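Engineer: Can you read through this structure? Questions will come right after.
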Amino acid sequence: MEKDSEQLAETTSSNMEQQERDPESNSLHRPLLKRNLTLSSSPLALVGTKVSYIESLDYEINENDLFKHDWRSRSQTQVLQYIFLKWLLAFLVGLLTGVIATLINLAVENIAGYKLLAVVQYIDKKRYMMGFFFMTGVNFLLTLSSTLLVVFLAPTAAGPGIPEIKAYLNGVDTPNMYGAMPMFVKIVGSIGAVAAGLDLGKEGPLVHIGACIASLLGQGGPDNYRIRWRWIRYFNNDRDRRDIITCGASSGVCAAFRSPVGGVLFALEEVATWWRSALLWRTFFSTAVVVVVLRAFMEYCKDGDCGLFGQGGLIMFDVSGVSVTYHVVDLIPVTVIGIIGGVLGSLYNHLLHKVLRLYNLINDKGKLAKITLSLAVSLFTSACLYGLPFLASCKPCDPSLVDSECPSTGRMGNFKQFNCPKGHYNDLATLLLTTNDDAVRNIFSTNTPREFHVFSLVIFFILYCILGLFTFGIAVPSGLFLPIILMGSAYGRLLGMAMAPYTTIDQGLYAVLGAASLMAGSMRMTVSLCVIFLELTNNLLLLPITMLVLLISKSVGDCFNPSIYEIILELKGLPFLEAHPEPWMRNITVGELADVKPPVVTLCGVEKVSNIVDVLRNTTHNAFAVVDNALVPAVGQVSEVHGLVLRAHLLLVLKKKWFLQERRRTEEWEVREKFTWVDVAERWGTIEDVAVTKEEMEMYVDLHPLTNTTPYTVVETMSVAKALVQFRQVGLRHMLILPKYHGPTVPPVIGILTRQDLRAHNILSAFPHLEKSHANGVSYKEGTGTQPMSAAVTLTSIFWQLRFGDRGDDDGSEIKKAI
């Protein structure tokens, strides 16, 4: 992965040359993810189509004098208004997400439906070539429109968007991901891509669309057309924006599956790093609104007022009236499904990882290469969907069925006539010449033990495995849920057909279990998937075996590689902090990390303007420690840490020209007269936007009122593992390292830890012996050499690596050596 990432960054050197040089990491011109001799604080990551400079988000409450005064001065009415607006935003997020999801479903069902009806008419008239050219041409134009929108208007709209949302909620700022243009392209592009019959779903894009809606509402609209209402500006901070985007992500999942509880649990289990009870209530409220909107539209469309939408367009598999009975012997095939799902899911992740690396190199050759790749996949998909049903033999209809049910020449129905004579149907055409949602509904159908032939299901499974690998990664909005559901349901139904003489479980339910197992094996979700499938099936009797399948699949998949979203995060270079530290992180302290970093930059409480300008121009730090000197009797001059001041606040001071003629502390009323809480919440550009005269350079600034006096600190002897857990759980951007012993000659601050400093990859670049010593069963201690580890510690380390996945670049080869 490292070599491919370096090649990718080298080919995009023209984009990177536009980046400014970074004194802390020597240069931003280094290849993406290249290992340095020291810890780098300047991450580069793929956002859209460019290698971009990535910053962290300020989730921590900045408790300076302005914040404290604003908090004390708020009346009870203002606090209630603030809480009411949070709930109002949650309501609007659910409402708009439900409306947009309905419109997407209406558009997809009607565009794809009329296209398929026209194709069926050509086939009925034996005009097979005209049917092929019509279907291929329409799919070609739909894919082309979707790709052009993504390539020229919003490159960040490609893909599902879930990994970027996961990184954002982890504390990583992913630029240009939540604007109005990415949302528009995501909506229109997903309609075109799904209606074109590509092997992708609208579920992932709906999550991204929900996050975009939430972000735009929280900040008052797009950047250039923001609503400047006073109360909206209360939410113009990273902390509240994180909460509202969490509501948007859960609403998107709910809109995709009509699963309100599943949407909340998806946000909790998969995308959200930080959680609290108040956020749980608001996300549940948002998903409840989504369900009400979807149900209202479905009731309205039942009478045929929505074109071909009818009762389709949303994945529904209601088996509440189906009798589900199983015995102890049925646990054997259920366990087999779980194992198969874990193995195939990890294999799918591995192969998709290789394909995405190849696509990165192809897409990097320019816009024409992206368009060509998307169109080539579209042509291949159309040829397979139209041509493969000719390989399947016709099957006679069940005599118990009425003529209107079998065969069907329309878009709906489980028995497509295709090129078969009257009274016969083509089972493979039933699965391929239909929309993706209807394909899921058909393969999930119950009480149809002889509907599908083994040969047709094998072709269907192989085809969607190939299409699932080669479709994801092209320049269109795409989701992973539906392709994985289709693949999993195919082998689940095949196993159900093989076990038919020995089990009482319906083949349609085996298809459901197969889809759940592959999703757990690839995405490594359990609780949220269980609830989603429970709400889809509306049958509590499926709960025990679904839980068993999900647990087995996830456990098996974890033994091979990380989840698909973690793989995408790694490929993009987004600095995501994992929940569990590596075992070797307990063998190194934060003080040792500070030793390999550049010296910490500090400012005085009352600082000269020229010094502030010099620091801002020659560093890229986002925050600086503020240190005061005090005279202590019998000790002498002692330095103490007053707090942490942000770069944005220093720029605010320079823009507002809040300068002092002499070095002195200001009064509290002076700062309130010049600044408001709205000013502190804004971001104020760069130092190049500020003009300071020579006379002003000799003046002073009192930084005390703008300094966060309660920053999170750790002692230099704390292990990196413990510091990482605190950093991630609290949602920090900076963590001060203080010395264990204090004195006149001891600096008050040893260093500042950031996200990049705590990533395993960067630590190993500066301490490569840590991974080697851990794999060889030895423990490293600074200054004392190496000491053998006990067998129990070695086995524990191996268990942690296998349980939470290998995070290095050797795919677990060191673990195999240790075993």
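Using the three backbone atoms N, Cα and C, a Cβ is placed for every residue, glycine included.
Just so you know, TrEMBL annotations are computer predictions that nobody has curated.
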Engineer: Look up transmembrane segment in TrEMBL and report which of 332-351, 612-631, 632-651 it refers to.
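Structural biologist: Range annotated as transmembrane segment by TrEMBL: 332-351.
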Engineer: Looking only at residues six or more beyond either end of the transmembrane segment (452-473), which have a C-beta under 8 A from one in the stretch?
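Structural biologist: Apart from its flanks, the transmembrane segment (452-473) reaches 159, 198-200, 348, 351-352, 355-356, 359, 377, 380-381, 384, 388, 391-393, 395, 427-428, 430-432, 443, 480, 483-484, 486-487, 490-491, 493-494, 497.
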Engineer: Please spell out the DSSP helix, strand and coil residue counts for the domain 'CBS' (707-771).
Structural biologist: 24 helix, 12 strand, 29 coil
Engineer: Apart from its near flanks, which chain residues at least 6 from the ends of the transmembrane segment (244-268) lie with a Cβ under 8 angstroms of it?
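Structural biologist: That would be 86, 89-90, 93-94, 97-98, 100-101, 162, 165, 168-169, 178, 201-203, 206-215, 217-218, 235, 275, 279-280, 282-284, 286-291, 294, 314-316, 479, 481, 525, 527-529, 531-532, 534-536.
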Engineer: So what's the mean pLDDT when you look at the domain 'CBS' (707-771)?
Structural biologist: 90
